[in-house]
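The annotation domain 'Cytochrome oxidase subunit I profile' is assigned in TrEMBL to A:27-595. Residues annotated as transmembrane segment in TrEMBL: A:44-66, A:93-119, A:140-158, A:187-209, A:229-255, A:288-308, A:320-341, A:353-378, A:390-412, A:424-450, A:462-485, A:505-531.
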Amino acid sequence: MSTLAVHDHEVAHHDEHGHEHHHDQSFLSKYVFSMDHKMIAKQFLITGITMAVIAMILSILFRIQLAYPEKTFPLLTTLLGRFAPNGRISPDFYLALVTIHGTIMVFFVLTAGLSGTFANLLIPLQVGARDMASPFMNMLSYWLFFLASVIMLSSFFVQKGPASGGWTIYPPLSALPKAMPGSGEGMTLWLISMVLFVASSLMGGINYVSTVLNMRTKGMDLWKMPLTIWALFLTAILGILAFPVLVAGVVLLIFDRSVGTSFYLSDIVLNGVQQPFEGGSPILFQHLFWFLGHPEVYIVIMPAMGISSEVMSVNSRKPIFGYHAMVYSLIGITVLSFIVWGHHMFVTGMNPFLGGVFMITTLIIAVPSAVKTFNWLATLWRGNIRFTPAMLFAIGMVSFFISGGLTGIFLGNATLDINLHDTYFVVAHFHLVMGSAAIFGMLAGVYHWFPKMFGRMMDEKLGYLHFWLTFICAYLVFFPMHFMGLDGVPRRYYAFTEFASMQKWLTINTFVTWAAIIAALSQFGFLYNFFVSMFKGEKATQNPWESNTLEWTTPVEHLHGNWPGEIPTVYRWPYDYSKPGAEQDYIPQTVPYSQTMSSNLPHDFEDNPAGLEALNTYTSTLKANEQVK
Amino acid sequence: MLLGTNLLMAQTDAGSAATGQAEAPKVDWTGVAYYVLIFFLICLGVAVVGKILKVYDLTLKMQGKKGLNWNTVMATFCIIFLLIGLYGAYWSFTEQGSMTLPEAASAHGVKIDEMFTVTTILTMIVFFITQILLFTFLFRYRYSAKRRAHFLPHNNTIEKVWTIIPAVVLTILVVFGFFTWQKIMNSENLKDDINIDVTGHQFAWELRYPGKDGVLGPKDFRLVTGTNNLGVNFKKKSSFDDLKVDTMYLPVNKSIRLNILAQDVIHSVYMPYFRVQLNAVPGLPTFFKFVPTITTAQMRAKLDDPKFEYTLYCNKICGGSHYNMQKVVRVVSEAEYQTWLSKQKPYLNDALRKELHFASANEQSNGSTNRLALNN
Ligand code: HEM
Ligand SMILES: [Cu+2]
Ligand SMILES: [Cu+2]
């Protein structure tokens with residue numbers, strides 16, 4: 001009932017305002033406090049890109065320290081002031097850089113930037129809705145995210161600098177302001193920022209789920225949804241279930257810091273002074289953190305998986321292989337990702353038997369991941385592959401996912417994790433499987449849906465350059481790190497100068513830093529392409545990639561409510577590419593079977609006996625005609 | 001205040017490196033300008049190449065030819081990337097692969113290494129097959145207007161196959177992993193285990209060995225004072241003969257039990273050559289048992305490095321000097337171990353004796369010193 005009501009309201013709203021009053025939207029309500037899902041998507045994207053650039057610059061700063069631990073760079077002092085006295089980043093600030101880099105990348109770029117952009121853009125457009133279920137909450141979601149970003153960045157301007165206990169902010173380090181400078185106001189700001197972030201993320205997530213469940217257009221049953229929607233939908237569910245636990249963990253940490261409770265603290269002597277905490281457990285925080293933290297990594301990767309599936313299917317001109325298996329593996333990942341968090345805690349002193357159980361669940365989750373990979377390969381097999389920049393990035397995503405996923409099998413094995421935990425092997429693992437793969441999925445999405453967002457095309461050649469430089473450099477950066485990890489080199493070390501056994505890695509570190517610098521510089525090619533194409537790019541056609549999904553049936557010029565007339569009805573799944581007997585190598589979802597008699601297959605009518613009968617009469621008349629001839 | 005000292009310390013550190021200058025060094029702006037210039041030149045170069053390609057493409061088209069087929073170019077790049085990438089991976093495996101840890105110097109470590117080898121072989125097979133398929137498919141099935149893709153929405157048989165095979169392989173890995181893990185972590189305590197107390201704090205490790213009785217005295221954080229920095233409880237007899245030790249000496253082929261604890265924040269005891277790691281958590285005592293099998297001297301010979309030392313270092317972010325929190329570990333023969341042990345000083349040193357003597361002479365005030373300490 002309520003579904004229909006919302007729908008009707010939207011349509012009515014559209015009819016009233018759609019035509020006459022369209023231009024009198026003020027600048028403020030159109031670009032700033034917009035409630036239009038397309039504009040909110042762009043806001044998320046541009047904020048996400050900005051945060052990504054900032055986090056990237058932070059990473060270059062700490063990479064410089066790792067490559068040249070003994071050199072001084074006066075420029076650093078000029079830029080960073082007290083954080084880099086005498087031309088060298090201070091050890092505390094190094095840790096702050098690592099922490100904020102990780103936090104921004106994981107949460108602000110790959111969660112909000114990725115889900116926020118594509119869920120907002122694609123859910124209404126691909127399921128056929130005029131907007132989100134609650135446009136107002138959607139707007140609120142963006143502005144909370146924006147506020148969280150500002151607060152996170154503002155921590156660079158407090159006296160003692162930003163939070164610096166690592167993006168996982170384990171107490172007691174993060175709970176005791178005296179344990180390190182970053183655990184002072186910087187950590188307070190971090191915690192406030194994250195609470196706002198989670199609020200934003202929940203508002204977004206609830207909106208995405210209700211839109212997908214209630215506002216699909218006629219004919220769009222769940223099994224006709226593109227994989228992007230499935231992925232974004234399941235991602236939102238994961239977020240709704242997991243993020244509140246992080247808030248719980250964070251709130252208890254705030255209590256420990258400010259109210260003097262002992263949830264996470266016990267038996268502490270700091271700098272020779274006993275602290276009045278008793279009975280808490282630092283491990284409790286880790287349980288709460290990773291109960292979100294592990295689902296979080298899938299929150300990051302699943303939208304990238306969905307986008308890549310869609311982009312690869314469109315550009316191989318082939319249906320995605322094993323659509324049902326793809327959906328079931330996404331569901332499998334969603335469910336399993338809640339029961340594997342302990343694999344981050346094998347060597348924390350957690351009961352070893354519990355560790356053993358988490359090892360079992362962890363290696364089970366590798367199965368759906370493997371199925372997805374094989375299905376992507378099968379999608380490419382005997383395709384007719386068009387290399388758009390989006391396609392290249394989607395392929396890069398698959399390559400990274402394989403490389404990084406396989407090392408997960410080492411880490412998921414508690415026995416092997418004893419020696420690998422917290423080394424560069426872990427850094428290599430998650431930067432490939434999450435960092436690079438998800439960023440590539442996001443970039444694939446940007447290149448693919450840029451025409452939908454801005455009505456113009458991005459430059460293809462510059463996209464190619466961007467892809468190859470980034471792809472090669474990412475491998476150059478992260479591949480050698482595996483071997484550092486296998487040599488027992490720990491992550492989050494300010495310098496490897498203090499250990500005779502680690503000094504031999506200095507040349508590799510320098511090499512890695514230069515690869516990272518080249519990768520970072522090539523992102524300027526992307527930024528140039530993105531912002532210049534926005535205004536000067538070639539005008540896009542309505543369906544530039546000859547794609548089947550609904551978003552390409554909307555006009556190039558955006559309008560509030562998405563479709564000028566009625567919302568189109570959907571008749572088929574989104575992957576009828578290169579169907580034998582069809583005129584073109586794609587059949588949009590809006591084309592009814594009655595118009596494609598020559599290409600229909602019995603399989604298309606599995607739960608539609610009337611249609612099957614029509615097909616049978618059609619084929620028998622065809623045969624009869626042939627016999628007459 | 002804290003920041004002030006930090007700044008000072010950092011300054012003296014870096015100051016000595018930067019020829020002892022007191023004021024902040026000056027920025028060499030010509031150097032910066034130079035790099036910015038290079039960057040713009042590269043951008044210009046890219047733009048020029050882009051334009052040339054465009055012009056070339058246009059002239060080809062004007063001559064009625066097809067123009068550059070970028071799709072084929074990209075497909076070719078993919079296959080080139082595969083070839084170079086395969087060589088690069090091979091190079092990395094041999095070059096950097098040979099820089100990784102040598103064979104495990106502990107009994108359980110050998111089992112870990114075996115499992116590591118098996119996992120590496122299995123995953124590398126998958127790695128090479130999938131990456132090769134990925135990039136050859138890209139080249140082989142590049143776009144051609146003459147052709148249509150093969151409409152293949154699904155194939156249940158093959159999907160079942162590639163669900164079941166990984167499941168089976170992973171099950172095997174899990175089963176072996178599980179039992180090895182249980183064995184390593186749940187090893188029983190033996191009578192002749194050598195107990196060693198490892199306590200982490202910012203930014204050092206404290207080592208305590210049991211004396212003749214082989215038993216470590218209990219600790220309590222409430223008892224920590226300047227002289228009794230571990231908070232050892234001297235009401236218990238077992239504490240009296242405990243030894244305070246600077247370097248961790250271990251007799252070869254003896255079962256060692258590290259009793260691990262942290263005082264302030266989480267640290268992690270990491271001894272990669274022995275495949276040993278366990279976090280040191282305040283309030284949560286943990287232990288790790290292992291048997292070292294290769295002495296320092298043997299390892300030196302093996303690695304052909306006369307200066308080689310085993311080390312124990314911190315592997316959980318714990319603050320500014322996390323990167324330099326280490327202890328030397330020496331594995332020696334039983335005889336060497338005993339001579340070394342006989343030379344170690346007791347934890348209960350003169351200063352502490354004085355402090356405690358004063359305390360034990362007057363039981364009542366012992367309690368109040370404790371409370372005093374707490375109130376600090
Ligand atoms: C094939 C399945 C995977 C397995 C078995 C696996 C296993 C693991 C394990 C056991 C760890 C903990 C390592 C340690 O700290 O010692 C880990 C770390 C991590 N994994 Fe995975 N992983 C898999 C896939 C993924 C995916 C798909 C992502 C993200 C998209 C991901 C992201 C991460 C991250 C971010 C960390 C590091 C967290 C940190 O300590 O900072 N992993 N993985
Ligand atoms: Cu995880
Ligand atoms: Cu540490």
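Including glycine, each Cβ sits where the backbone N, Cα and C put it.
Automatic prediction, not curation, is the source of TrEMBL annotations.
Model, not experiment: these values are computed from the prediction.
Panel annotation: around the transmembrane segment (A:140-158), residues 33, 40, 43-44, 47, 51, 54, 100, 103-104, 108, 112, 116, 184-186, 189-190, 192-194, 196-197, 199-201, 203-204, 207 of the same chain, lying at least six beyond its termini, place a Cβ under 8 Å from a Cβ of the stretch. Note on the transmembrane segment (A:424-450): residues 45, 48, 52, 105-106, 109-110, 113-114, 117-118, 121-122, 297, 300-301, 303-305, 307-308, 310-311, 314, 388-391, 393-394, 396-397, 400-401, 403-405, 407-408, 410-411, 456-458, 463, 466, 470-471, 474, 477-479, 481-482, 484-486, 489-491, 526, 530, 533, 537, 545, 551 of its chain, located 6 or more positions outside it, place their CB under 8 angstroms from a CB of the stretch.
Of the Cβ pairs linking the transmembrane segment (A:229-255) with the transmembrane segment (A:353-378) and spaced 6 or more residues apart, fewer than 3 are under 8 Å, so the two regions do not touch. Contact between the transmembrane segment (A:288-308) and the transmembrane segment (A:44-66) is not supported, since fewer than 3 Cβ pairs fall under 8 Å when only residues 6 or more apart in sequence are counted.
Taking every recorded stretch in A:187-209, A:320-341, A:462-485, A:505-531 and counting its Cβ pairs under 8 Å to the transmembrane segment (A:44-66), the highest total belongs to A:505-531. Sequence-distant contacts of the transmembrane segment (A:187-209) (same chain, at least 6 residues past either end, Cβ-Cβ under 8 Å): 103, 107-108, 111-112, 115-116, 119-120, 123, 132-134, 137-138, 140-145, 147-149, 151-152, 154-155, 158, 162-163, 165, 169, 174, 177, 232-233, 236-237, 239-240, 243-244, 246-247, 250-251, 253-254, 257.
Note on the transmembrane segment (A:320-341): residues 223, 227, 230-231, 234, 237-238, 241-242, 287, 290-291, 293-295, 297-298, 302, 305-306, 309-310, 312-313, 358, 361-362, 364-365, 367-369, 371-372, 375-376, 378-379, 381, 573, 575 of its chain, located 6 or more positions outside it, place their CB under 8 angstroms from a CB of the stretch.
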